[in-house]
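Enquirer: Sharing the record's features from Swiss-Prot:
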| type | residues | note |
| --- | --- | --- |
| DOMAIN | 10-138 | domain 'VOC 1' |
| DOMAIN | 160-282 | domain 'VOC 2' |
| BINDING | His162, His229, Glu278 | Fe cation binding site |
Amino acid sequence: MMQLPERVEGLHHITVATGSAQGDVDLLVKTLGQRLVKKTMFYDGARPVYHLYFGNELGEPGTLYTTFPVRQAGYTGKRGAGQISAVSYNAPVGTLSWWQEHLIKRAVTVSEVRERFGQKYLSFEHPDCGVGFEIIEQDTDGQFEPWDSPYVPKEVALRGFHSWTATLNRNEEMDSFMRNAWNLKPQGRDGNYQRYAFGNGGAAKVLDVYIDEDERPGTWALGEGQVHHAAFEVADLDVQAALKFDVEGLGYTDFSDRKHRGYFESIYVRTPGGVLFEASVTLGFTHDESPEKLGSEVKVAPQLEGVKDELLRTMNDPIVI
């Protein structure tokens with residue numbers, strides 16, 4: 001199979017169907033020290049829900065964890081094969097003991113220190129909805145500048161994403177897609193894990209695959225407790241269009257049209273492994289809020305400004321920071 005030009009640059013954002021907005025704030029902001037950089041609404045379905053964005057100071061690509069708190073919709077998703085199963089953050093070398101103690105103080109059940117691909121890490125789950133997280137020790141060179149959080153000292157703060165892990169039953173077809181269509185390069189194996197990287201790797205440049213032949217497929221619908229999609233960065237709309245054209249030419253035709261998401265432009269493709277990938281062009285978060293005010297107000301489409309208060313009452317999902 002023909003290998004395409006290297007158009008995908010790295011991890012952009014991860015989007016997760018969670019439980020409650022306050023549960024997300026309690027974990028992402030008050031425990032992990034991220035900034036709530038944007039509060040918007042998601043309008044699909046019978047009732048609106050929040051779409052929340054967490055990251056570093058300006059929500060740079062490679063730091064963005066976005067959530068749909070969907071508990072009120074009453075549908076719980078099933079985690080399983082064909083999904084992102086863990087989101088891993090970078091932490092400075094020597095800080096895992098601090099993070100372990102901090103998580104325990106915050107009533108988060110956390111693992112002992114483990115090692116994979118020669119790197120030490122902790123694993124834990126979102127206390128409110130069960131989605132998987134890891135904190136991995138890595139040199140801070142070339143990593144993202146952390147948000148100056150009142151909850152986490154800057155010297156131990158998380159510095160954007162290290163990697164994401166996809167759980168699959170098999171990897172043959174997904175391996176071909178990632179190498180030939182998504183320009184990921186195999187980096188080696190550790191047990192049932194296969195590592196891939198963009199370019200030479202580094203912060204927000206790594207994707208791991210965990211093979212579990214017995215794991216049942218997870219659900220694709222937007223249900224509480226599962227990662228909905230994994231978004232990857234591309235430089236601009238022309239690169240995005242060329243990527244779609246060429247990947248479809250390889251036979252991977254399950255692509256969406258371009259979607260304007262307010263803060264990025266997106267196309268989606270269902271991969272052979274079942275994981276929903278997105279190619280995302282960054283537009284930024286400061287066109288409707290100043291940098292110092294990011295995340296302070298709920299933002300809605302202009303045509304909905306007149307009914308914003310009514311929508312918020314309908315959601316009935318208050319946030320206290």
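Cβ atoms are placed via backbone N, Cα and C, with glycine included.
Model, not experiment: these values are computed from the prediction.
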Enquirer: Return the residue, from the listed binding-site residues His162, His229, with the maximum count of other C-beta atoms within 10 angstroms of its C-beta.
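Expert: Per the Cβ count, the most surrounded site is His162.
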Enquirer: Would you count the other CB atoms within 10 A of the CB of Glu278 (Fe cation binding site), including those on all shown protein chains?
Expert: 23
Enquirer: What does the DSSP secondary structure composition of the domain 'VOC 1' (10-138) look like, as residue counts for helix, strand and coil?
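Expert: Here the numbers are 22 helix, 58 strand, 49 coil.
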Enquirer: Count the residues of the domain 'VOC 2' (160-282) that DSSP assigns to helix (H, G, I), to strand (E, B) and to coil, and report the three numbers in that order.
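Expert: Breakdown, helix to coil: 22 helix, 52 strand, 49 coil.
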